[in-house]
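Copied from TrEMBL, the annotated features are:
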- 160-190: repeat 'PPR' (REPEAT)
- 191-225: repeat 'PPR' (REPEAT)
- 261-291: repeat 'PPR' (REPEAT)
- 292-326: repeat 'PPR' (REPEAT)
- 424-458: repeat 'PPR' (REPEAT)
- 459-494: repeat 'PPR' (REPEAT)
- 561-595: repeat 'PPR' (REPEAT)
Amino acid sequence: MTLLTRTRSNTIKQLFLSSNGANGHFIQHCTNNHLVRQGKQVHARIILHSVIPDDFLGSKLLTFYATSGFLFEARHVFDNIPNKNVFSWNAMLIAYSHHGRNTQTLELFSSLVSLTDVNLRPNSFTISSVLKALSSPMFHDRRLVKEVHGFVCRHGYESDLFVVNGLITCYARLGELSLARKLFDQMQERDIVSWNSIISGYSQCGFYEDCLILFKEMECLGLRFDGVTVVSVLQACTQLKDLDLGRKVHQLVLDNRIEVDTAVSNSIIGLYAKCGSLEYARKLFNEMTEKDGITYGSMISGYMNHGFVDEALELFREMKNPGLSTWNSLISGLVQNSHHDSMREFLHEMQAMGCKPDSVTLSSVLPTISYFSNLKSGKEIHCYAIRNGYDGCMYVTTGLIDTYARSGFINGAYEVFKKSSLRNVIVWTAMISAYAAHGDAVAAISLFADMLGIGIKPDRVTFTAVLTGCAHSGIVSEARKIFDSMLPYYGVVPEIEHYACMVAVLSRAGMIYEAADFISRMPIEPSAKVWGALLNGISVSGDVNLGRFICEKLFEIEPQNTWNYVVLANLYVRAGMWDDAVMVRGRMKKMGLKKLPGCSWIETDNGLQTFVARDVSSERIADIYDVLGGLIELMREEGYVSITELDEEML
């Protein structure tokens, strides 16, 4: 090659490399083909030739670094683009959003909208990136979503399909389903993402019937659904235990040749497992070529839900390296089946294997802490939740409220409630239940009024909680007002639990015959809970005849419940009817029933100590009974007289 030819070639090459357009195409090629080293070399050549990236080249470099996972370098490129247009801003926003850097996404968007340049306005891609960040599980800020929604309306993007889809997803994730549905209904154009967003929202928030209604509407319109739709719909079928509809959806998947990926397969297995078709679920499980932690978790949960703990443990032990989701399925199943001691052992094993508990683990463990009333462990979990950012999770919040309340730390429960960023009806109900369990009806009713005052609609569990509080304190008039408001004002049909609460309210206030009359006017058949609530009141008043009548009802409904026999026997003893008491004793013996001993726990420096009535296994049993005897003497001196009960020896 001659000197002239080489010079011309180098000149052309230099001109080509100094072109933003040419360099942009080079970088795009490296991005498409994952050529990280070559892309960095092109960028180095750009810097070497003092090429100042324009928006086109800058966006290409941004995308290259973001796709390769180098966000720091991407931001450096962004900051050095001299005159950034909206495409450069979008490239950086998408980079942050794609990698889950949600805080940085929101901060960058805030910087953009604060600029005074009228030619630099966010577009639909900008807003979609921001909405993706706001729909992250780590964010629960309604105010921010509504501010972005206001921005959308002010700048005329309320008809943009992608923007509205993002808003629906955000509101659904926040539990604001009325707003999500309003946006969905107002859409002139919908795509599969629109339908999936609202259907998924209903399913994730527990509105399973609404989820299925929308799916059927989608079917009627002849719209083709996909795997995302199937997962949400099958979750609803699973939670409602609607096996028939679940089977139809499964068949639709096969008939329409929907891609059955791992997520869809897991949903199908979860449906059959939870609905009791364990053999078929296991058959599908065995046929799967690719299983993940959720696959095992679905099968383990199915076994646990139906009490097959050994089968669940056997399947779990087949796994070489269980993931967090599988550990969570196992732990929650053990708690569900009251294997509290085993749960603690597996929790320690899980941590020893390097698996770090998440919000699901914590919400599964907290019921065991509540069961043992272990305040110290509850505080440790609370600290762990705060350090790892799980204290914003609704289920962790409600679990902590319940744990603190059961441990007698009601002020701690209220502090958790007060600091909760997501105070929906479930969180409010947990705090109302905490006050009710402590017999503080005034606080429970006051909190209930506060909840209504800010527009949160109570559900059936909320009414059970506040009526329970009224029952503990015998507040009859307020309980009647709340009970009578359920259907006409809030659309909640009173169920058996609510009737049982009202019977407890009346009977504990000494209004035994009013309670009996209330039961006679019930529109549904009284259950053991209802009769038991009345019997509890009678056990205090000592009405033998009415007590005998109610116990006979309870003996028919739940013949194995020893408490009913004990109450009746105690009523006979208090009335001096010893022959009848002996008859009850004989009836229990004939049925092979024994009164369950009382059991309690106390937290000491050496851990939890368990005490069972009449247990003499403790090394310090003599000291224990000495202290107990002293307490009894002090009670007698204060004028307290114990009510004679039939103990295990008599029963």
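Even glycines carry a Cβ here, placed using N, Cα and C.
With DSSP classes pooled into helix, strand and coil, the tally for the repeat 'PPR' (261-291) is 23 helix, 0 strand, 8 coil.
Counting residues 6+ beyond its ends, the repeat 'PPR' (459-494) has Cβ neighbours under 8 Å at 425, 428-429, 432-433, 435-437, 439-445, 448, 451, 501-502, 504-506, 508-511, 533 in the same chain. Across the repeat 'PPR' (424-458), the prediction's mean pLDDT works out to 93.
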